[in-house]
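**Q** First the structure, which I've put down as structure tokens, then a few questions once you've had a look.
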């Protein structure tokens, strides 16, 4: 099977610091790929390079075999790659509905939309409400309340709902359960599996080993700015994975499937 | 359904009730109301100040003539305040807005009177001047990543000096404007309804605020302005072209300053480059801040700015009629500014 999204020899330097050192990456259709690694291993930089938030100094990224060269997150989004960033990328003072449609607002049909550029608020509110209900997040009473009045878990829900609603090829989740309680984490994990069922591949960056081993089909272990290896969670234990990513153990090269 | 992990087994029996906040104190409710309705406070203060001066001065204050005179006096500052509001909503500030207005007025006057250009072209030249000054600010803020305060502090001086050098500080007289280009005085035309007098300038101020209110609240552009001011990084990651939004906002503010220039020609009759020493920029910031626009960006309603300008107008007219020392107006303005920012900080705590 051909990989959907690949990266080869990605290099990113910040001044004297090399965040990514000839890193590779492969995502296959319909899979959940977990990316794990120590703090500072370059996971976030790798994800940002794929999602267009940073521009790598060297290397090549291909989506469905075509070389892509994202200059901004907007271009990655237009190509169908949707990302939930660790800092959520929500605007606190705007409403839930406004946030979900930020950057891709729906205008009213007819002259009110085409000439006066009027937003179709009722339609956006309805879609937003439907998407949040799908995730079981309708404890949010008012779709027009400002995001800053929501709890951390609810904000995460809004961000994930936005990605799931608009992602057409790849969804990237950066630490989606880090700020969540037990119940809310469970919901997000169910949502991740739900999204995979619809055929969308997911990249999951997480420090939470039980979550990673539960949902991931393959685990990409990042170490010192490189892909160290890719393992199948069925063949290894959590402590093996932690040993690989911290350098306590050297992985068998053959495992880099 | 996923294979539930050991420690999560008890989740099925967990309490399903959602945290509720029925016992919110009245104060918390007021806080929430103000959080969602940012123009409410200036509106209340405005009504309060009208009532106070109405009681003190009785029927003399409550005449249509007096109340509409206040509107005429604040038309120029109201329009400048609207431009300033756009910039402040992006968490910026425009100190040069006043002198951009003055140089636009001088260009309009010189083009029409000195160079003998047709009046519509002269007005257009003024708008081009204002917009270009605004775009220069926008370029320096968005592309060069310089702090807005520093950029506009610089352009304030540059534009003010350019204004004096270009015009040689020569006033263009009312008679010359009236013969060469009556169009320049267009906004001075007044409509009388009984003893109420509305100049076209006042009507233009109201239209400007309404159009901007619509743009800010009912178009994608407006949502983007708020998002950029709220958290530029989050806005960028959400796919908003932050640089383009900033450039557009400063450019539009410059164009609105040129509109204010046209209105002020109507109000004053003549055009004097020495207007540049008047603190129009600070008056515009004052209107926006008293109107509840947060200097940290992303919060406030442009209707508040209109109320803010009206509050200053009402207070200054009222104190004037009471025969008070004009410095009391300045003092009271200062108190209002600090109170408005204090209230803004309190409302923001709703999030915490």
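Just so you know, the numbers here start at 1 and follow the chain as drawn.
Glycine is treated like the rest: Cβ placed from N, Cα and C.
The structure displayed is predicted, hence computed values, not measured ones.
Okay, so TrEMBL annotates it like this:
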TRANSMEM  B:33-55  transmembrane segment
TRANSMEM  B:61-83  transmembrane segment
TRANSMEM  B:95-115  transmembrane segment
TRANSMEM  B:121-141  transmembrane segment
TRANSMEM  B:148-166  transmembrane segment
TRANSMEM  B:186-214  transmembrane segment
TRANSMEM  B:245-265  transmembrane segment
TRANSMEM  B:280-296  transmembrane segment
TRANSMEM  B:303-322  transmembrane segment
**Q** Could you check whether the transmembrane segment (B:186-214) and the transmembrane segment (B:245-265) come into contact, where contact means at least 3 Cβ pairs under 8 Å with the two residues of each pair 6 or more apart in sequence?
**A** yes
**Q** Do any residues of this chain, six or more beyond the ends of the transmembrane segment (B:33-55), have a C-beta under 8 angstroms from a C-beta of it, and if so which?
**A** 61-62, 290-292, 299-301, 303-304, 307-308, 310-311, 314-315, 317-318, 321-322, 336, 340, 343, 347, 350
**Q** Taking the transmembrane segment (B:280-296) as reference, which of B:61-83, B:121-141, B:245-265, B:303-322 has the most Cβ pairs under 8 angstroms?
**A** B:303-322
**Q** With a cut-off of 8 Å between Cβ atoms, can you find at least three pairs linking the transmembrane segment (B:61-83) to the transmembrane segment (B:148-166)? Only pairs 6 or more residues apart in sequence count.
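**A** In this chain the transmembrane segment (B:61-83) does not contact the transmembrane segment (B:148-166) - fewer than 3 Cβ pairs sit under 8 Å.
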**Q** For the transmembrane segment (B:245-265), what are the same-chain contacts with Cβ under 8 Å, counting residues 6+ beyond its ends?
**A** 75-76, 79-80, 82-84, 86-87, 89-90, 92, 94, 97-98, 100-102, 104-105, 108-109, 123, 126-127, 129-135, 137-139, 141-143, 177, 184-188, 201, 204-205, 208, 221, 224-225, 228, 235, 271, 275
**Q** So if I exclude everything within five residues of the ends of the transmembrane segment (B:148-166), which remaining residues of that chain have a CB under 8 angstroms from its CBs? That is, six or more out.
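**A** Here the qualifying positions are 87, 91-100, 102-103, 106, 110, 133, 136-137, 140-141, 273, 276, 281.
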